[in-house]
């Protein structure tokens, strides 16, 4: 038995020992399948205030369409003024308005506070009485409340929540979410007091604006949010719009967050909105769809919203159900499972570094990885684990391609063996990365894999240098020609475009969008185009072409790395469920292999045609 086979056996045993943590993650992801649809109450109210639709009719239509949840905003003097519950006057405004009228109450430059009209509803009257020192004054023939405000308060100070509104929402069977604003000390304390004394009918809190309550005073923020969490609340994290303070709160509360996707329903067509929402739930662990009604005539807006809900529920995969979502259960990761994953990574790096001819470099890289593993296990500093995972993510696809080119080039059977071996080597790296960077912090998206761009760049650069370093050394001594510069410029432009296409914000053509949509419609989840149209076909064809020309075969293997680094990258997006990543990868491998085999048939046809008509080219 060779040393290499023995080491591979050790890696396999260590990977088996690391599986419990990975399996637990899979089970946690699969068990969390309840999602909600949310509309803000004020948007529903605006629809009814601008049309002949009553609030009760709108709520009933939305309930019949399947809406599960309504969000409620806190109350302040300013919000009551906007909702025309009260009329709000500053002393200056009131004096200016009444300067030609007689009134008994004297308003001077020293008059402080604000004046408000008496609310008709007793609830709002009691709310004002609860928070302000006030006196009733007559201004002309109209009674007003003169509210005295100290330096702690403002017109935006939170006074509580509209309990009557909440009771109405509940009467229709809706759940509700409380929006939590970060205002002043008095308002924040009022919010905490109200929420912690509620009767356990509310579970989720969504911060308003750009920051969490108490921010930027981190001590105050931690104290307030810990109090809310201890009272049984979880929090929401808005995709692509992370609010300031949420990362610290997540770490303090064991990542007790629900992922939320915000969607305005008039940005695209109805079908595209539904597809976007389903993709968010299915592929990115979004469990709250926060909707905004279309900006249209009220009847059309309400109809568009209910049509969206009808289509959403009809097309959502059966495994997902509507209701009140919950944060992920804790992913149980035994320490020995993590230890086994790090050990597997160190041994794998030693094996992979065999393609480096310098022994001291091989031991150096292996030693560095061992130090990173030890540093993480001793300090629990996530940065060390992230650096370790980055090393594995770069090494696995690089080694997979180089090793396959050494032993499995030539005939179709050899090529198939090479494709299988490269896939297995890459999956060894994937399993190590997934086992090392595991836990609730990663599946909620607060903790991430670091170095995505490097994973897209370094394996390609390494394979290119490995295959052509000798030619490259000769080229350094060659006189530069203008066409050399042109070629270098073109390669640089292609490389820049390739890097720009990585990540989640890249632009794609309409044709590619249509193709993606068709693939997703029929396959549940679409494979990555860079894998099955570029990377894997180039790899398959490259291995085969090496029987005729090592140079051309190696040139094809350079873009062939893209397929393997791309599937590695797929699994480093930890907020994507393992089921989705695995299915996407299998599709990419199968379709890429088929297209690669077709490319071999085309190559053989062209090659034989060229030999027949251009015999000198043999």
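A Cβ is built for glycine as well, from the same backbone N, Cα and C atoms used for every other residue.
All annotation found in TrEMBL is predicted automatically rather than curated by experts.
Proximity of distant same-chain residues to the transmembrane segment (333-352), defined by a Cβ-Cβ separation under 8 Å and at least 6 residues beyond the stretch ends, is recorded for 4, 7-8, 10-11, 14-15, 17-21, 24, 362, 365-366, 369-370, 373, 376-377, 388, 391-392, 395-396, 398-399, 425, 428-429, 431-432, 435-436, 438-439. Per TrEMBL, the feature transmembrane segment maps to 333-352 (among others).
What TrEMBL records for 359-378 (among others) is transmembrane segment. Long-range contacts of the transmembrane segment (359-378) within its own chain (CB-CB distance under 8 A, at least 6 residues past either end) are made by residues 338-339, 342-343, 345-346, 349-350, 353, 384-385, 387-388, 391.
Summarising the annotation, TrEMBL assigns transmembrane segment to 384-402 (among others).
Sequence-distant neighbours of the transmembrane segment (414-437) (same chain, 6+ residues past either end, Cβ-Cβ under 8 Å): 11, 15, 18-19, 21-22, 25, 337-338, 340-342, 344-345, 348, 352, 385-386, 388-389, 392-393, 395-397, 399-401, 403-405, 407-408, 447, 449, 536, 539-540, 543-544, 564, 567-568, 571-572, 574, 578, 589, 593, 596, 600. Under the heading transmembrane segment, TrEMBL lists 414-437 (among others).
Look at TrEMBL and you will find 449-469 (among others) tagged as transmembrane segment. Sequence-distant contacts of the transmembrane segment (449-469) (same chain, at least 6 residues past either end, Cβ-Cβ under 8 Å): 355, 383, 386-387, 389-390, 393-394, 397-398, 401-402, 405, 433, 437, 495, 498-499, 502-503, 554, 557-559, 561-562, 564-565, 568-569, 572-574.
Among the features that TrEMBL reports, transmembrane segment is placed at 481-500 (among others).
As annotated by TrEMBL, transmembrane segment applies to 555-574 (among others).
Note on the transmembrane segment (586-607): residues 412, 415, 419, 423, 523, 525-528, 531-533, 535-541, 544-545, 548, 563, 566-567 of its chain, located 6 or more positions outside it, place their CB under 8 angstroms from a CB of the stretch. The annotation transmembrane segment is assigned in TrEMBL to 586-607 (among others).
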Report task. Go through the chain and flag residues at least 6 beyond the ends of the transmembrane segment (555-574) whose CB is under 8 A from any CB in it; none is fine as an answer. Result -> 389, 393, 396-398, 400-401, 405, 422-423, 426, 429-430, 433-434, 437, 442-443, 445, 447-449, 452, 455-456, 459-460, 463-464, 467, 502, 528, 530-532, 534-536, 538-543, 545, 581, 584-585, 588-589, 592
